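The compositional bias 'Polar residues' feature in TrEMBL is assigned to 149-163. Marked as compositional bias 'Basic residues' by TrEMBL: 164-176. Annotation comment: TrEMBL describes 84-136 as domain 'HNH nuclease'. Taken from TrEMBL, the feature region 'Disordered' covers 141-182.
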Amino acid sequence: LRDGTGTGTGSGNVRAEVFVYIAATTLLRLDDEPAEMTGHGYIPAWLARQIATGPNTTWRRILTDPMTGHPIDLGRTRYRPPAALDEFVRIRDRECRTPGCYRPSQSCELDHSHDWRKHGTTTEKRLISLCKTHHRLKDQPGWHHTVNPGDNTLTITTPTGQRHTTRPRPLHKPLRPRPNVN
C-alpha cells in the first residue's frame with residue numbers, strides 16, 4: 001500500500017505532517033506541562049519531547065503573545081501565510097496598496113515587503129496586498145517598496161525618484177473619547 005499500487009511494497013518514506021504545540025519551557029525540561037497534538041489532544045511532556053527530537057522532525061517556530069496565547073510571528077519557515085493571516089491582511093488592506101489602484105484585496109496577491117528569500121518574515125507587519133500588475137512592477141529596476149512595520153505605511157519610490165505613500169484605512173471611524181461625566 002505504501003507505494004500506491006496496493007501491493008504493500010515500497011520504501012516506506014511517507015511524509016506525514018503532525019502539529020505538536022509545546023511550550024519552550026517544557027521542551028527545555030524546565031517543566032512538564034503537557035503538549036497538544038492536533039487531532040488527538042493533550043500528550044505528556046516526555047512524548048512531545050521525543051517527537052520534537054526525532055530524526056525526521058521539522059521545526060516551525062511560532063512566537064505567541066504570552067498573555068493571550070495568540071500567534072504573533074510565524075517565523076520564516078513558511079512562505080505562504082496561513083488562512084487566518086491571509087484573511088487578516090486582505091481585510092486590513094481592502095484593496096491593492098498602490099496609490100490610485102482600487103482592485104479589491106480578495107483578487108490581489110500578498111507580497112512580502114521584505115524579500116522572504118533575504119530573511120523576510122511572514123507576518124501581518126510584512127505582508128501587503130498588491131494586484132498582479134503592481135506586484136510585478138514592484139520587482140522592476142528602479143522601483144522600491146518600503147513598509148514601516150509599526151503602522152504598515154507603504155512608501156513607493158519610482159524610477160524617477162517620486163515617492164508615494166499609502167497606509168491602510170481604519171475599518172471604522174475611531175471612537176472619540178467620551179467626556180468624563182461625574
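Easy rule for this one: first residue shown is 1, then count along the chain.
For all residues, glycine too, the Cβ spot is worked out from N, Cα and C.
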(message) Over the span of the domain 'HNH nuclease' (84-136), how high is the average pLDDT in this prediction?
(response) 87
(message) For a three-state summary based on DSSP, what are the helix, strand and coil counts in the compositional bias 'Polar residues' (149-163)?
(response) 0 helix, 6 strand, 9 coil
(request) Over the span of the domain 'HNH nuclease' (84-136), count residues by DSSP class, listing helix, strand and coil in order. (result) 21 helix, 10 strand, 22 coil
